[in-house]
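Below is one structure, written out as structure tokens; the observations come after it.
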Amino acid sequence: MVDLKDYGFKAVDSKTADDIIPARIIEVHRELYKAICAHGEVSAKLKGSFLKNLNNREDYPAVGDFVHLIYNPIGESKIVKLLPRKSKFSRTDLSGHNPRHAKTVLEQVVAANFDYVFIMSSLNQDFNANRISRYLTQAYQSGATPVVILTKSDLCPDYEDKIEKVKALSNDLDVIAVSSQTGAGVAEVAKYLCPGITVVFLGMSGVGKSSLVNTLANEEIMLVNDIRLYDDRGRHTTTHRQLVKLNSGAMIIDTPGMRELGLWDADEAIGEAFADIEELICDCRFSNCSHKSEPGCQILLALENGTLSQKRWKSYLTQKKEAEFVKTKLKKSSKKKSRII
Ligand SMILES: Nc1nc2c(ncn2[C@@H]2O[C@H](COP(=O)(O)OP(=O)(O)OP(=O)(O)O)[C@@H](O)[C@H]2O)c(=O)[nH]1
Ligand SMILES: [Zn+2]
């Protein structure tokens with residue numbers, strides 16, 4: 001028997017019928033799900049009655065979700081309910097269109113119920129505090145706790161100032177420098193990986209995610225967790241596990257969607273990441289200040305006396321603009337009936 005608590009399940013007061021049990025989604029392949037439940041791993045589909053009542057794309061189960069299912073020991077189990085999410089990452093699905101021409105923007109959840117977002121950024125010449133700040137905005141919005149992991153510390157002997165720069169992005173932010181090459185800092189990251197804890201990684205390709213995961217797991221976990229399947233023509237294929245359990249008992253969610261996250265209704269999260277700027281704006285003399293030339297503008301004053309850097313102000317404006325763009329698209333598309341999958 002599998003104890004779902006080992007997979008982060010917190011039993012709530014939801015009394016279930018005898019044949020309905022909780023499970024966690026570990027893979028999503030179009031309409032087919034793979035889930036872990038008390039009886040081990042099962043294949044599952046959405047039950048017709050559940051599917052019929054789905055209105056939004058975000059209500060479809062995603063990797064990491066807890067669900068209720070009717071267990072079937074000899075065939076596909078049926079998912080009957082999606083349990084409330086404590087955190088989630090959504091991707092703006094532009095229906096395959098270039099953003100400028102997209103007619104519909106749909107929210108698609110790509111990972112759910114994670115405790116930490118590991119924001120990965122390399123300490124070498126790619127280091128970019130603005131990018132980290134963008135990821136922070138998304139992390140706060142997800143509902144989980146961000147931890148910034150600065151990789152390849154062996155390539156950058158002098159990284160203290162970079163750590164300070166990142167710490168200045170937000171209050172109480174944990175920032176860890178690591179090297180998968182030398183092992184420096186890896187133990188600090190491992191402290192987060194307690195049994196039942198789920199983490200996701202955000203970061204550009206090549207920052208060293210796989211190397212770190214392999215170092216943490218002390219084995220080729222990415223390979224170990226690949227499973228072999230036979231496709232419908234009997235050909236041999238491998239698929240990549242989307243929720244991976246480490247030896248420590250912690251879990252990592254890694255889905256294709258995680259790699260292309262867009263900003264989703266980010267105003268509130270931007271407010272958290274740029275609280276200082278929003279405070280300044282509140283103090284501008286005119287409530288509709290454009291922060292370009294008005295007298296009594298606190299932004300202009302802060303830029304002039306150097307308490308606010310041009311770079312940070314520009315980064316704030318860029319994020320606002322992006323969030324605005326998505327919102328406009330969303331408003332337009334919600335007037336029409338949303339197309340679901
Ligand atoms: N010097 C040094 N190189 C590293 C370190 N970690 C990773 N690398 C190198 O950086 C390159 C990319 O590392 P990966 O772990 O594959 O990066 P990734 O983020 O998983 O990349 P994707 O699979 O494309 O998402 C590889 O050539 C690694 O050998 C490190 O701590 N120090
Ligand atoms: Zn102003």
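Cβ coordinates come from backbone N, Cα and C, glycine included.
Features as listed in TrEMBL:
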type	residues	note
DOMAIN	103-261	domain 'CP-type G'
DOMAIN	112-259	domain 'EngC GTPase'
BINDING	T151, K152, S153, D154, G203, M204, S205, G206, V207, G208, K209, S210, S211	GTP binding site
BINDING	C284, C289, H291, C297	Zn(2+) binding site
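Feature map: TrEMBL annotations on the structure.
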residue: T151; record: GTP binding site; Cβ within 10 Å: 27
residue: S153; record: GTP binding site; Cβ within 10 Å: 22
residue: G203; record: GTP binding site; Cβ within 10 Å: 22
residue: V207; record: GTP binding site; Cβ within 10 Å: 22
residue: K209; record: GTP binding site; Cβ within 10 Å: 22
residue: S211; record: GTP binding site; Cβ within 10 Å: 16
residue: C284; record: Zn(2+) binding site; Cβ within 10 Å: 19
residue: C289; record: Zn(2+) binding site; Cβ within 10 Å: 18
residue: H291; record: Zn(2+) binding site; Cβ within 10 Å: 18
residue: C297; record: Zn(2+) binding site; Cβ within 10 Å: 21
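Checked against ligand 2, the binding-site residues K209, C284, C289 give C284, C289 in sequence order as having a Cβ less than 6 Å away from one of its atoms.
Each residue contributes its Cα atom, and for G203 (GTP binding site) and C284 (Zn(2+) binding site) those atoms are 35 Å apart.
Screening the binding-site residues S153, S211, C284, C289, H291, C297 for a C-beta under 6 A from any atom of ligand 1 leaves S211. Here the domain 'EngC GTPase' (112-259) has, by DSSP, the following mix of helix, strand and coil residues: 47 helix, 38 strand, 63 coil. Listed in chain order, the residues near the Zn(2+) site other than C284, C289, H291, C297 are I281, R285, F286, S290, K292, E294, G296, Q298, I299, L300, each with its Cβ within 8 Å of the site Cβ centroid. A coil conformation is recorded for C284 (Zn(2+) binding site) in the three-state DSSP classification, outside any helix or strand.
In this structure the C-alpha atoms belonging to H291 (Zn(2+) binding site) and V207 (GTP binding site) are separated by 36 Å. Here the C-alpha separation of K209 (GTP binding site) and C284 (Zn(2+) binding site) works out to 43 Å. For the pair T151 (GTP binding site) and C289 (Zn(2+) binding site), the C-alpha distance works out to 40 angstrom.
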